[in-house]
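Engineer: Before I ask anything, let me first share the structure, which is written out below as structure tokens.
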């Protein structure tokens, strides 16, 4: 598997152990973000400011990332130019300020489960943006192209089934909030504008998708992953502070008073920003933006499980059906990626084969048929 982005022409190698690392990193990332949904809602319900919260979150992430970025990438970090600074500023505007701001506004008007569910539009939006910018190439006359399209649709459909269709109860655990009253504050928002919350969350998804796609060309110019993340956090903090100067002038809002608020800020900073940003940007560089986005529906499944354990929510038939669709969708997209890379390698061997055999046509009809008619099963060998 080449480590290029989906559809890009980078030809760096990616061995089998790195494939495993990519998948494990993305699964861990979804668990971290799933916990962040619950933690963020708890913070909002305790009254923490929607501007102060992301400021502290990104300051903690910046403190965590800068030392690693400075020392680990000191020799590999390219020179910083005015053009790159502007790109980092714009990346922060999309990926931090708009992304986190819209998310908190939307979460305040809806619920963690709904926020996680609507985020499943990110794979489709990222897919469309990547195709429009020619980062992702889809050939619908080949099986790998069809698989990636159907897989993305399947992932989104599965995650939506989990939220929108219940069906009969399969399993109902005892609610933990009977022993932990503080978890009662994690319920759905009441007295809020649900429609407005949906609009905010759509803006959040558009920002997230744009951030995923735009990172890919920036990493080609500035291949220092931790440094890119650090610069992005730095500009994100500056932008939120500029907003706070006009919209959050109450000094008391900047005080973090309870243990729950401290935990929420630390979790958001260390896990959801520092660690998650570094892991995600590494996965984008090694696997591409669509590879990262297609794992997003897994997060909804994890949130559903967390809600069942923490709040005593029940498992329904719809959740099981949705989980099956998500797994099938992931398999389709990842198989499509693997088949596409094998086809590219086959095409790359044609010139050398022609030179070696005096530019003669191959006498193997099966191999020729596989290249001329890529929808045949022979393109999927050893995938």
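Every residue, even glycine, has its Cβ placed from backbone N, Cα and C.
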Engineer: I'm validating the feature mapping. Which of 145-165, 166-186 is tagged transmembrane segment in TrEMBL?
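Structural biologist: Checked against TrEMBL: transmembrane segment maps to 145-165.
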Engineer: With TrEMBL as the source, which of 194-214, 341-361 is set down as transmembrane segment?
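Structural biologist: It is 194-214 that TrEMBL describes as transmembrane segment.
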Engineer: Compare 21-39, 84-102, 194-214, 262-283, 290-309 by their Cβ pairs under 8 Å to the transmembrane segment (51-72) and return the stretch that comes out on top.
Structural biologist: 262-283
Engineer: Can you check how the pLDDT averages out over the domain 'EamA' (24-163)?
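Structural biologist: Taking every residue in the domain 'EamA' (24-163) and averaging pLDDT yields 85.
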Engineer: Under DSSP, the domain 'EamA' (196-334) has how many residues in helix, strand and coil?
Structural biologist: 121 helix, 2 strand, 16 coil
